[in-house]
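Only one structure is covered here, and it is reproduced in the block below.
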Amino acid sequence: LPGRLSVFPLFFLALLLGFASLLWLQLSCSGEGPAPGGEQSREAPRQPCLPQAPLLPVEEEPSWGPHRLALLVPFRERFEELLAFVPYMHSFLNKKRIRHHIFILNQVDHFRFNRASLINVGFLESGNDTDYIAMHDVDLLPLNEQLDYGFPEAGPFHVASPELHPLYHYKTYVGGILLLTKQHYEMCNGMSNRFWGWGREDDEFYRRIKGAGLQVRRPSGITTGYETFQHLHDPAWRKRDQKRIAAQKQEQFKVDREGGLNNVRYQIESRTALSVAGAPCTVLNILLDCDTNETPWCTFG
């Protein structure tokens, strides 16, 4: 190039050529410009446009729909699982464009763990801006993005169905992850408060669902089988409270026709908004109450 050509004209020329190239690319890939090669190549396929960078989901966009999920997570001293669960589920539901709020239902009293009562409390404390719930175990992570977490208008939707859950495969199983509208949960009067310790509360709730005239629905078209979920529980070092005390053995198979949402007794010790690796959640520290005359098995004493 001639030595008298300064840097500024060169820069301007390069900028002009770059703009012209981008304009030609846009016109050619969108089908608005002339096809390369003139009339003879008019039928040739256009080259594809460069893909745009995917937009990251933004929370609470109106386009996500009118419904909002209260993710109810019964919890006690399982912090390793919690640290993995909250950011994972927040990201999973955002990808599916599910408006949601995660509630960690932390039992801080001295009684035995009561998953059903905690879910009742979570339902009552979840607020009017949510219209359906997910009873969700903290140690169960969905791996298949085809799983439906949408509004279960037609009836209770059991996400962790027996055909997919890594451990429990009997037909009446409704534990792990279960979605219900708030209206349907109220029709069942929630869950029984009589189940202290581990297990059986979801089996009793299945009978409540049937008694309310509701039909449990389950996923279809999921081909990942027992690999659909990751189960974080390690029974070798985290023992479950499976003891049956006093009349608890007989009582665990009965249907509680009186108790539920209408008589759960509790206090909220504190309500704290937290962020776990950037994922928001609300921790409810819950003090449950127990009538030892009605359910003496709520304590080990």
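Note that Cβ sites are derived from N, Cα and C of the backbone, with glycine treated the same way.
According to TrEMBL, the protein has these features:
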- 66-149: domain 'Galactosyltransferase N-terminal' (DOMAIN)
- 156-231: domain 'Galactosyltransferase C-terminal' (DOMAIN)
- 1-31: signal peptide (SIGNAL)
(message) Need one number: mean pLDDT over the domain 'Galactosyltransferase N-terminal' (66-149).
(response) 95
(message) Using DSSP, what is the helix/strand/coil residue split across the domain 'Galactosyltransferase N-terminal' (66-149)?
(response) 28 helix, 23 strand, 33 coil
(request) Would you mind splitting the domain 'Galactosyltransferase C-terminal' (156-231) into helix, strand and coil residue counts from DSSP? (result) 20 helix, 11 strand, 45 coil
